[in-house]
Amino acid sequence: MAIPKHSLSPVPWEEDSFLQVKVEEEEEASLSQGGESSHDHIAHSEAARLRFRHFRYEEASGPHEALAHLRALCCQWLQPEAHSKEQILELLVLEQFLGALPPEIQAWVGAQSPKSGEEAAVLVEDLTQVLDKRGWDPGAEPTEASCKQSDLGESEPSNVTETLMGGVSLGPAFVKACEPEGSSERSGLSGEIWTKSVTQQIHFKKTSGPYKDVPTDQRGRESGASRNSSSAWPNLTSQEKPPSEDKFDLVDAYGTEPPYTYSGKRSSKCRECRKMFQSASALEAHQKTHSRKTPYACSECGKAFSRSTHLAQHQVVHTGAKPHECKECGKAFSRVTHLTQHQRIHTGEKPYKCGECGKTFSRSTHLTQHQRVHTGERPYECDACGKAFSQSTHLTQHQRIHTGEKPYKCDACGRAFSDCSALIRHLRIHSGEKPYQCKVCPKAFAQSSSLIEHQRIHTGEKPYKCSDCGKAFSRSSALMVHLRIHITVLQ
(Lines of atoms letter the chains of each structure in order from A; the text may use other names.)
(Lines give C-alpha, C1' and ligand atoms only; values in the text may rest on other atoms or scores of the structure.)
Protein backbone atom coordinates (compact mmCIF):
# COMPACT_ATOMS: atom_id res chain seq x y z
CA MET A 1 0.00 0.00 0.00
CA ALA A 2 1.44 3.37 -0.95
CA ILE A 3 1.22 6.47 1.23
CA PRO A 4 0.82 10.21 0.68
CA LYS A 5 4.06 11.99 -0.05
CA HIS A 6 3.54 14.37 2.87
CA SER A 7 4.42 11.60 5.33
CA LEU A 8 8.07 11.98 4.35
CA SER A 9 10.11 14.76 5.87
CA PRO A 10 11.54 17.26 3.37
CA VAL A 11 15.25 16.81 2.70
CA PRO A 12 17.95 19.32 1.70
CA TRP A 13 18.18 18.09 -1.90
CA GLU A 14 14.51 18.83 -2.71
CA GLU A 15 14.82 22.34 -4.10
CA ASP A 16 11.10 23.03 -3.81
CA SER A 17 11.09 22.17 -0.12
CA PHE A 18 13.29 24.94 1.25
CA LEU A 19 12.71 28.66 1.21
CA GLN A 20 15.40 29.94 3.49
CA VAL A 21 18.11 28.74 5.86
CA LYS A 22 19.27 31.16 8.54
CA VAL A 23 22.47 30.46 10.43
CA GLU A 24 23.31 32.60 13.45
CA GLU A 25 26.63 34.36 13.96
CA GLU A 26 27.72 31.86 16.61
CA GLU A 27 28.86 29.57 13.74
CA GLU A 28 31.86 31.75 12.88
CA ALA A 29 32.79 32.11 16.54
CA SER A 30 32.67 28.39 17.17
CA LEU A 31 34.63 27.54 14.01
CA SER A 32 37.36 30.02 14.94
CA GLN A 33 38.01 28.01 18.10
CA GLY A 34 39.33 25.14 15.93
CA GLY A 35 39.12 21.41 16.48
CA GLU A 36 36.00 20.55 14.49
CA SER A 37 34.81 17.01 14.95
CA SER A 38 33.91 14.93 11.91
CA HIS A 39 30.20 15.40 12.63
CA ASP A 40 30.60 19.18 13.07
CA HIS A 41 32.54 19.37 9.81
CA ILE A 42 29.76 17.59 7.91
CA ALA A 43 27.18 19.89 9.51
CA HIS A 44 29.17 22.99 8.59
CA SER A 45 29.69 21.80 5.01
CA GLU A 46 25.97 21.08 4.56
CA ALA A 47 24.98 24.45 6.05
CA ALA A 48 27.40 26.21 3.68
CA ARG A 49 25.96 24.34 0.70
CA LEU A 50 22.43 25.32 1.63
CA ARG A 51 23.37 29.00 2.04
CA PHE A 52 24.93 28.97 -1.43
CA ARG A 53 22.05 27.13 -3.13
CA HIS A 54 19.30 29.26 -1.56
CA PHE A 55 20.91 32.69 -1.89
CA ARG A 56 18.54 35.29 -3.33
CA TYR A 57 19.35 38.28 -5.46
CA GLU A 58 17.21 40.48 -3.18
CA GLU A 59 19.65 39.88 -0.31
CA ALA A 60 22.29 42.03 -2.06
CA SER A 61 22.19 45.72 -2.93
CA GLY A 62 23.32 45.20 -6.51
CA PRO A 63 24.57 42.70 -9.09
CA HIS A 64 28.25 43.07 -8.21
CA GLU A 65 27.60 42.58 -4.51
CA ALA A 66 25.37 39.59 -5.29
CA LEU A 67 28.09 38.02 -7.43
CA ALA A 68 30.74 38.61 -4.75
CA HIS A 69 28.45 37.19 -2.06
CA LEU A 70 27.75 34.09 -4.16
CA ARG A 71 31.46 33.62 -4.79
CA ALA A 72 32.17 33.82 -1.05
CA LEU A 73 29.37 31.36 -0.22
CA CYS A 74 30.66 28.94 -2.87
CA CYS A 75 34.17 29.11 -1.38
CA GLN A 76 32.75 28.42 2.09
CA TRP A 77 31.09 25.29 0.74
CA LEU A 78 33.71 23.88 -1.66
CA GLN A 79 36.80 25.24 0.21
CA PRO A 80 39.15 25.41 -2.81
CA GLU A 81 42.07 26.28 -0.53
CA ALA A 82 41.70 22.91 1.23
CA HIS A 83 40.28 20.68 -1.53
CA SER A 84 41.77 19.52 -4.81
CA LYS A 85 39.94 19.82 -8.14
CA GLU A 86 39.04 16.15 -7.94
CA GLN A 87 37.54 16.58 -4.45
CA ILE A 88 35.50 19.60 -5.56
CA LEU A 89 34.28 17.66 -8.58
CA GLU A 90 33.30 14.80 -6.29
CA LEU A 91 31.24 17.18 -4.11
CA LEU A 92 29.35 18.50 -7.14
CA VAL A 93 28.72 15.02 -8.52
CA LEU A 94 27.56 13.83 -5.08
CA GLU A 95 25.04 16.68 -4.81
CA GLN A 96 23.67 16.03 -8.30
CA PHE A 97 23.47 12.28 -7.63
CA LEU A 98 21.50 12.80 -4.42
CA GLY A 99 19.18 15.22 -6.17
CA ALA A 100 18.46 12.68 -8.92
CA LEU A 101 17.38 9.93 -6.52
CA PRO A 102 13.70 9.09 -5.94
CA PRO A 103 12.42 11.10 -2.94
CA GLU A 104 11.90 8.02 -0.76
CA ILE A 105 15.47 6.79 -1.25
CA GLN A 106 16.88 10.33 -1.33
CA ALA A 107 15.66 11.04 2.20
CA TRP A 108 17.27 7.95 3.73
CA VAL A 109 20.59 8.21 1.87
CA GLY A 110 20.90 11.90 2.67
CA ALA A 111 20.51 11.12 6.37
CA GLN A 112 23.65 8.96 6.26
CA SER A 113 25.78 11.97 5.19
CA PRO A 114 27.79 10.17 2.48
CA LYS A 115 31.18 11.75 1.84
CA SER A 116 31.52 10.71 -1.80
CA GLY A 117 29.42 9.65 -4.76
CA GLU A 118 30.75 6.12 -4.50
CA GLU A 119 29.72 5.89 -0.85
CA ALA A 120 26.26 7.22 -1.72
CA ALA A 121 25.93 4.65 -4.52
CA VAL A 122 26.78 1.84 -2.08
CA LEU A 123 24.13 3.11 0.34
CA VAL A 124 21.54 3.19 -2.46
CA GLU A 125 22.49 -0.33 -3.51
CA ASP A 126 22.19 -1.60 0.07
CA LEU A 127 18.76 -0.01 0.56
CA THR A 128 17.33 -1.08 -2.80
CA GLN A 129 18.38 -4.69 -2.16
CA VAL A 130 16.35 -4.66 1.05
CA LEU A 131 13.41 -2.97 -0.66
CA ASP A 132 13.52 -5.37 -3.62
CA LYS A 133 13.03 -8.25 -1.22
CA ARG A 134 9.90 -6.47 0.01
CA GLY A 135 8.59 -6.10 -3.54
CA TRP A 136 8.82 -2.30 -3.65
CA ASP A 137 8.30 -0.62 -7.03
CA PRO A 138 10.14 2.76 -7.17
CA GLY A 139 7.93 3.89 -10.03
CA ALA A 140 4.63 3.21 -8.28
CA GLU A 141 2.49 6.23 -7.43
CA PRO A 142 0.28 6.34 -4.35
CA THR A 143 -3.29 5.47 -5.25
CA GLU A 144 -6.25 7.59 -4.28
CA ALA A 145 -7.68 4.78 -2.21
CA SER A 146 -4.47 4.40 -0.26
CA CYS A 147 -4.47 8.08 0.64
CA LYS A 148 -8.06 8.32 1.88
CA GLN A 149 -8.43 9.15 5.51
CA SER A 150 -11.23 6.63 5.90
CA ASP A 151 -8.95 3.84 4.69
CA LEU A 152 -6.27 4.69 7.22
CA GLY A 153 -8.60 4.69 10.17
CA GLU A 154 -8.43 6.93 13.21
CA SER A 155 -7.46 4.11 15.53
CA GLU A 156 -4.36 3.19 13.49
CA PRO A 157 -2.34 6.35 12.80
CA SER A 158 0.82 4.29 12.37
CA ASN A 159 -0.48 3.04 9.00
CA VAL A 160 0.70 6.28 7.40
CA THR A 161 4.35 5.30 7.52
CA GLU A 162 4.09 1.60 8.27
CA THR A 163 3.19 0.66 4.69
CA LEU A 164 5.83 2.62 2.80
CA MET A 165 7.82 0.56 0.33
CA GLY A 166 6.26 -2.78 1.07
CA GLY A 167 6.39 -2.44 4.83
CA VAL A 168 9.74 -0.65 5.21
CA SER A 169 9.05 2.59 7.03
CA LEU A 170 11.11 5.72 6.61
CA GLY A 171 8.98 7.60 9.13
CA PRO A 172 9.90 9.05 12.56
CA ALA A 173 10.47 5.65 14.12
CA PHE A 174 13.11 4.98 11.48
CA VAL A 175 14.58 8.41 12.23
CA LYS A 176 15.16 7.41 15.81
CA ALA A 177 16.72 4.10 14.80
CA CYS A 178 19.18 5.92 12.54
CA GLU A 179 20.37 8.38 15.17
CA PRO A 180 23.73 7.99 16.96
CA GLU A 181 23.40 6.41 20.38
CA GLY A 182 22.73 8.91 23.13
CA SER A 183 22.10 11.71 20.69
CA SER A 184 18.94 13.76 20.40
CA GLU A 185 20.70 16.58 18.56
CA ARG A 186 20.24 15.32 15.01
CA SER A 187 17.23 14.11 13.09
CA GLY A 188 18.41 11.06 11.12
CA LEU A 189 15.96 11.39 8.22
CA SER A 190 14.78 14.96 7.80
CA GLY A 191 18.16 16.24 6.72
CA GLU A 192 18.13 19.02 9.34
CA ILE A 193 21.52 19.70 10.86
CA TRP A 194 21.95 20.35 14.57
CA THR A 195 25.29 21.36 16.06
CA LYS A 196 26.27 22.91 19.36
CA SER A 197 27.38 26.12 17.69
CA VAL A 198 24.92 26.41 14.79
CA THR A 199 21.23 27.25 15.12
CA GLN A 200 19.24 26.77 11.95
CA GLN A 201 15.73 27.98 11.26
CA ILE A 202 14.27 26.27 8.23
CA HIS A 203 11.13 27.49 6.47
CA PHE A 204 9.46 25.44 3.80
CA LYS A 205 7.61 26.49 0.64
CA LYS A 206 5.07 23.74 1.03
CA THR A 207 1.76 24.92 2.49
CA SER A 208 0.42 21.46 3.15
CA GLY A 209 1.75 18.39 4.87
CA PRO A 210 2.30 17.33 8.44
CA TYR A 211 5.22 19.69 9.12
CA LYS A 212 3.82 22.95 7.74
CA ASP A 213 3.10 24.57 11.13
CA VAL A 214 5.45 22.59 13.32
CA PRO A 215 8.33 24.63 14.76
CA THR A 216 11.81 23.42 13.90
CA ASP A 217 12.79 22.86 17.50
CA GLN A 218 9.83 20.51 17.92
CA ARG A 219 10.65 18.48 14.79
CA GLY A 220 14.16 17.42 15.62
CA ARG A 221 15.13 18.25 19.19
CA GLU A 222 12.85 16.08 21.32
CA SER A 223 14.34 13.07 23.04
CA GLY A 224 12.91 9.91 24.53
CA ALA A 225 9.17 9.53 24.83
CA SER A 226 8.52 13.23 24.20
CA ARG A 227 9.66 12.93 20.56
CA ASN A 228 6.33 11.53 19.41
CA SER A 229 4.09 12.85 22.17
CA SER A 230 0.91 14.78 21.44
CA SER A 231 2.40 17.99 22.85
CA ALA A 232 5.21 17.87 20.31
CA TRP A 233 2.74 17.93 17.40
CA PRO A 234 0.04 20.41 18.48
CA ASN A 235 -1.11 21.41 15.00
CA LEU A 236 -1.53 17.96 13.46
CA THR A 237 -4.59 15.79 13.13
CA SER A 238 -4.54 12.26 14.46
CA GLN A 239 -3.99 10.93 10.93
CA GLU A 240 -1.00 13.23 10.32
CA LYS A 241 0.86 12.63 13.56
CA PRO A 242 3.88 10.32 13.40
CA PRO A 243 3.31 6.77 14.58
CA SER A 244 4.00 6.11 18.21
CA GLU A 245 7.09 4.03 18.80
CA ASP A 246 5.17 1.36 20.68
CA LYS A 247 3.08 0.75 17.54
CA PHE A 248 5.95 0.57 15.09
CA ASP A 249 9.01 -1.61 15.22
CA LEU A 250 11.83 -1.42 12.69
CA VAL A 251 12.58 -5.11 13.08
CA ASP A 252 8.96 -5.97 12.24
CA ALA A 253 9.06 -3.78 9.15
CA TYR A 254 12.12 -5.49 7.75
CA GLY A 255 11.23 -8.97 8.93
CA THR A 256 14.74 -9.02 10.38
CA GLU A 257 16.99 -6.46 12.00
CA PRO A 258 17.91 -3.50 9.77
CA PRO A 259 20.86 -4.17 7.46
CA TYR A 260 23.09 -1.99 9.58
CA THR A 261 22.88 0.62 12.30
CA TYR A 262 23.96 4.18 11.78
CA SER A 263 26.25 5.69 14.39
CA GLY A 264 28.42 8.77 14.70
CA LYS A 265 31.47 6.87 13.43
CA ARG A 266 29.54 5.02 10.72
CA SER A 267 30.59 1.71 12.25
CA SER A 268 28.44 -1.43 12.11
CA LYS A 269 28.51 -4.63 14.10
CA CYS A 270 27.82 -8.15 12.87
CA ARG A 271 25.01 -9.76 14.84
CA GLU A 272 26.61 -13.22 14.54
CA CYS A 273 30.22 -12.67 15.61
CA ARG A 274 30.08 -9.03 16.87
CA LYS A 275 32.85 -7.99 14.47
CA MET A 276 32.87 -4.26 13.66
CA PHE A 277 32.90 -2.76 10.16
CA GLN A 278 33.22 0.81 8.90
CA SER A 279 30.70 0.57 6.05
CA ALA A 280 27.36 -1.04 5.35
CA SER A 281 28.63 -2.81 2.24
CA ALA A 282 31.51 -4.41 4.16
CA LEU A 283 29.12 -5.60 6.87
CA GLU A 284 26.65 -7.05 4.36
CA ALA A 285 29.43 -8.86 2.49
CA HIS A 286 30.72 -10.27 5.79
CA GLN A 287 27.27 -11.43 6.93
CA LYS A 288 26.94 -13.49 3.76
CA THR A 289 29.82 -15.63 5.06
CA HIS A 290 27.52 -16.68 7.92
CA SER A 291 24.38 -17.19 5.86
CA ARG A 292 26.30 -18.35 2.75
CA LYS A 293 24.02 -16.27 0.55
CA THR A 294 25.16 -16.11 -3.06
CA PRO A 295 22.60 -13.97 -4.88
CA TYR A 296 24.77 -13.18 -7.91
CA ALA A 297 24.62 -16.09 -10.37
CA CYS A 298 26.50 -16.46 -13.65
CA SER A 299 24.12 -16.83 -16.60
CA GLU A 300 26.68 -18.98 -18.46
CA CYS A 301 27.53 -21.69 -15.94
CA GLY A 302 25.22 -21.02 -12.99
CA LYS A 303 28.02 -20.45 -10.48
CA ALA A 304 26.90 -18.07 -7.72
CA PHE A 305 28.81 -15.41 -5.81
CA SER A 306 28.25 -13.28 -2.72
CA ARG A 307 29.35 -10.05 -4.44
CA SER A 308 28.57 -8.55 -7.83
CA THR A 309 32.27 -7.67 -8.30
CA HIS A 310 33.21 -11.32 -7.88
CA LEU A 311 30.65 -12.27 -10.52
CA ALA A 312 32.09 -9.68 -12.91
CA GLN A 313 35.58 -11.10 -12.38
CA HIS A 314 34.31 -14.64 -12.97
CA GLN A 315 32.52 -13.76 -16.21
CA VAL A 316 35.90 -12.91 -17.76
CA VAL A 317 36.50 -16.68 -17.82
CA HIS A 318 33.69 -17.03 -20.37
CA THR A 319 34.49 -13.92 -22.42
CA GLY A 320 38.25 -14.50 -22.47
CA ALA A 321 38.87 -10.78 -22.04
CA LYS A 322 42.30 -9.80 -20.72
CA PRO A 323 42.24 -6.01 -20.45
CA HIS A 324 45.22 -5.65 -18.11
CA GLU A 325 48.51 -5.74 -20.04
CA CYS A 326 52.08 -5.68 -18.72
CA LYS A 327 54.05 -2.77 -20.19
CA GLU A 328 57.33 -4.65 -19.81
CA CYS A 329 56.62 -7.87 -21.71
CA GLY A 330 53.14 -7.38 -23.17
CA LYS A 331 51.57 -10.29 -21.31
CA ALA A 332 47.86 -9.72 -20.61
CA PHE A 333 45.73 -10.72 -17.63
CA SER A 334 42.03 -10.88 -16.85
CA ARG A 335 42.43 -9.31 -13.40
CA VAL A 336 44.45 -6.35 -12.22
CA THR A 337 45.62 -8.33 -9.17
CA HIS A 338 47.18 -10.92 -11.47
CA LEU A 339 48.98 -8.15 -13.36
CA THR A 340 50.29 -6.70 -10.08
CA GLN A 341 51.64 -10.09 -9.05
CA HIS A 342 53.22 -10.61 -12.48
CA GLN A 343 54.94 -7.22 -12.46
CA ARG A 344 56.91 -8.27 -9.38
CA ILE A 345 58.82 -10.66 -11.66
CA HIS A 346 60.24 -7.61 -13.46
CA THR A 347 60.72 -5.42 -10.38
CA GLY A 348 61.96 -8.19 -8.09
CA GLU A 349 59.65 -6.90 -5.36
CA LYS A 350 58.92 -9.36 -2.55
CA PRO A 351 56.76 -7.52 -0.03
CA TYR A 352 55.67 -10.53 2.04
CA LYS A 353 58.25 -11.49 4.69
CA CYS A 354 58.29 -14.50 7.01
CA GLY A 355 58.55 -13.45 10.64
CA GLU A 356 60.35 -16.68 11.58
CA CYS A 357 63.22 -16.92 9.09
CA GLY A 358 63.07 -13.62 7.19
CA LYS A 359 62.45 -15.21 3.80
CA THR A 360 60.47 -12.97 1.43
CA PHE A 361 57.86 -13.76 -1.19
CA SER A 362 56.15 -11.97 -4.04
CA ARG A 363 52.70 -13.35 -3.16
CA SER A 364 50.86 -13.59 0.14
CA THR A 365 49.70 -17.13 -0.70
CA HIS A 366 53.32 -18.24 -1.06
CA LEU A 367 54.10 -16.80 2.39
CA THR A 368 51.12 -18.63 3.89
CA GLN A 369 52.29 -21.91 2.38
CA HIS A 370 55.86 -21.31 3.58
CA GLN A 371 54.82 -20.56 7.16
CA ARG A 372 53.44 -24.09 7.44
CA VAL A 373 57.06 -25.28 7.31
CA HIS A 374 57.56 -23.62 10.71
CA THR A 375 54.18 -24.48 12.23
CA GLY A 376 54.02 -28.03 10.86
CA GLU A 377 50.40 -27.42 9.90
CA ARG A 378 48.95 -29.80 7.33
CA PRO A 379 45.32 -28.79 6.83
CA TYR A 380 44.68 -30.79 3.66
CA GLU A 381 43.91 -34.45 4.42
CA CYS A 382 43.26 -37.29 2.00
CA ASP A 383 39.87 -38.93 2.57
CA ALA A 384 41.12 -42.24 1.17
CA CYS A 385 44.24 -42.87 3.28
CA GLY A 386 44.35 -40.05 5.83
CA LYS A 387 47.67 -38.61 4.65
CA ALA A 388 47.88 -34.85 5.23
CA PHE A 389 49.58 -32.10 3.24
CA SER A 390 50.52 -28.48 3.76
CA GLN A 391 49.31 -27.38 0.31
CA SER A 392 46.09 -28.13 -1.53
CA THR A 393 47.98 -28.77 -4.79
CA HIS A 394 49.98 -31.54 -3.11
CA LEU A 395 46.74 -33.17 -1.94
CA THR A 396 45.30 -32.98 -5.46
CA GLN A 397 48.39 -34.66 -6.91
CA HIS A 398 48.34 -37.33 -4.19
CA GLN A 399 44.66 -38.17 -4.76
CA ARG A 400 45.50 -39.13 -8.34
CA ILE A 401 47.37 -42.13 -6.90
CA HIS A 402 44.03 -43.46 -5.67
CA THR A 403 42.00 -42.45 -8.72
CA GLY A 404 44.67 -43.37 -11.29
CA GLU A 405 44.02 -40.08 -13.09
CA LYS A 406 46.82 -38.87 -15.37
CA PRO A 407 45.57 -35.69 -17.06
CA TYR A 408 48.94 -34.48 -18.38
CA LYS A 409 49.89 -36.20 -21.65
CA CYS A 410 53.05 -35.92 -23.76
CA ASP A 411 52.22 -35.05 -27.38
CA ALA A 412 55.46 -36.61 -28.62
CA CYS A 413 55.18 -40.13 -27.21
CA GLY A 414 51.73 -40.25 -25.62
CA ARG A 415 52.95 -40.95 -22.10
CA ALA A 416 50.68 -39.55 -19.40
CA PHE A 417 51.51 -38.13 -15.96
CA SER A 418 49.59 -37.32 -12.80
CA ASP A 419 51.11 -33.88 -12.28
CA CYS A 420 52.27 -31.06 -14.52
CA SER A 421 55.83 -30.90 -13.19
CA ALA A 422 56.43 -34.55 -14.11
CA LEU A 423 55.35 -33.82 -17.69
CA ILE A 424 57.70 -30.83 -17.88
CA ARG A 425 60.62 -32.97 -16.72
CA HIS A 426 59.69 -35.65 -19.26
CA LEU A 427 59.50 -33.18 -22.15
CA ARG A 428 63.18 -32.34 -21.64
CA ILE A 429 64.03 -35.86 -22.80
CA HIS A 430 62.57 -35.02 -26.22
CA SER A 431 63.89 -31.47 -26.39
CA GLY A 432 67.33 -32.26 -24.94
CA GLU A 433 67.07 -29.19 -22.71
CA LYS A 434 69.35 -29.20 -19.65
CA PRO A 435 68.67 -26.02 -17.70
CA TYR A 436 70.46 -27.01 -14.47
CA GLN A 437 74.17 -26.16 -14.78
CA CYS A 438 76.86 -27.20 -12.28
CA LYS A 439 78.84 -24.17 -11.07
CA VAL A 440 82.00 -26.22 -10.47
CA CYS A 441 82.20 -28.10 -13.77
CA PRO A 442 80.50 -27.54 -17.15
CA LYS A 443 78.16 -30.48 -16.77
CA ALA A 444 74.39 -29.75 -17.09
CA PHE A 445 71.29 -31.71 -16.18
CA ALA A 446 67.64 -31.91 -17.20
CA GLN A 447 66.39 -32.22 -13.62
CA SER A 448 67.28 -30.31 -10.47
CA SER A 449 67.48 -33.53 -8.43
CA SER A 450 70.16 -34.85 -10.79
CA LEU A 451 72.19 -31.66 -10.29
CA ILE A 452 71.96 -31.99 -6.50
CA GLU A 453 73.23 -35.58 -6.63
CA HIS A 454 76.06 -34.53 -8.96
CA GLN A 455 77.19 -31.69 -6.68
CA ARG A 456 77.84 -34.23 -3.92
CA ILE A 457 80.77 -35.47 -6.01
CA HIS A 458 82.40 -32.07 -5.50
CA THR A 459 81.37 -31.61 -1.87
CA GLY A 460 81.93 -35.22 -0.77
CA GLU A 461 78.56 -35.28 1.00
CA LYS A 462 77.09 -38.75 1.62
CA PRO A 463 73.74 -38.34 3.40
CA TYR A 464 72.44 -41.90 2.86
CA LYS A 465 73.87 -44.26 5.51
CA CYS A 466 73.42 -48.02 5.94
CA SER A 467 72.02 -48.86 9.38
CA ASP A 468 73.66 -52.32 9.40
CA CYS A 469 77.31 -51.57 8.56
CA GLY A 470 77.49 -47.76 8.65
CA LYS A 471 78.60 -47.31 5.05
CA ALA A 472 77.42 -44.00 3.50
CA PHE A 473 76.41 -43.07 -0.04
CA SER A 474 75.77 -39.90 -2.01
CA ARG A 475 72.65 -41.28 -3.73
CA SER A 476 69.62 -43.07 -2.34
CA SER A 477 69.67 -45.49 -5.29
CA ALA A 478 73.23 -46.55 -4.36
CA LEU A 479 72.10 -47.26 -0.79
CA MET A 480 69.24 -49.44 -2.07
CA VAL A 481 71.70 -51.52 -4.14
CA HIS A 482 73.97 -51.88 -1.09
CA LEU A 483 71.11 -53.06 1.17
CA ARG A 484 70.51 -56.01 -1.13
CA ILE A 485 73.92 -57.38 -0.05
CA HIS A 486 72.74 -57.66 3.56
CA ILE A 487 69.42 -59.18 2.48
CA THR A 488 71.25 -61.83 0.39
CA VAL A 489 73.52 -62.74 3.36
CA LEU A 490 70.54 -63.15 5.68
CA GLN A 491 68.85 -65.50 3.23
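Glycine too: its Cβ is placed from the backbone N, Cα and C atoms.
Keep in mind that what you see is a predicted model, and the values were worked out from it rather than measured.
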> Of the ranges 30-52, 191-213, 352-374, which one does Swiss-Prot list as zinc finger?
Replying inline: 352-374
>> Between the candidate ranges 66-88, 158-180, 296-318, where does Swiss-Prot place the zinc finger annotation?
In response: 296-318
> Which one of S9, S113 gets the tag phosphoserine in Swiss-Prot?
Replying inline: S9
>> For the candidates K439, K443, I need the one that Swiss-Prot annotates as SUMO2 cross-link.
In response: K443
> Looking only at the zinc finger (324-346), what is the mean pLDDT?
Replying inline: 90
> Counting only residues 6+ away from its ends, which parts of the chain sit with a Cβ under 8 Å from the zinc finger (352-374)?
Replying inline: 341, 344-345, 390-391
> Within the zinc finger (296-318), how many residues are helix, strand or coil going by DSSP?
Replying inline: 11 helix, 4 strand, 8 coil
> Hey, which bits of the same chain come close to the zinc finger (408-430), Cβ under 8 Å, at least six residues off its ends?
Replying inline: 397, 400-401, 446-447
> Which residue counts does DSSP yield for the zinc finger (324-346) in the helix, strand and coil classes, in that order?
Replying inline: 11 helix, 4 strand, 8 coil
> In sequence order, which residues at least six apart in the same chain have a CB under 8 Å from the CB of K443 (SUMO2 cross-link)?
Replying inline: Q437, H454
> Tally of helix, strand and coil residues over the zinc finger (268-290) according to DSSP?
Replying inline: 11 helix, 4 strand, 8 coil
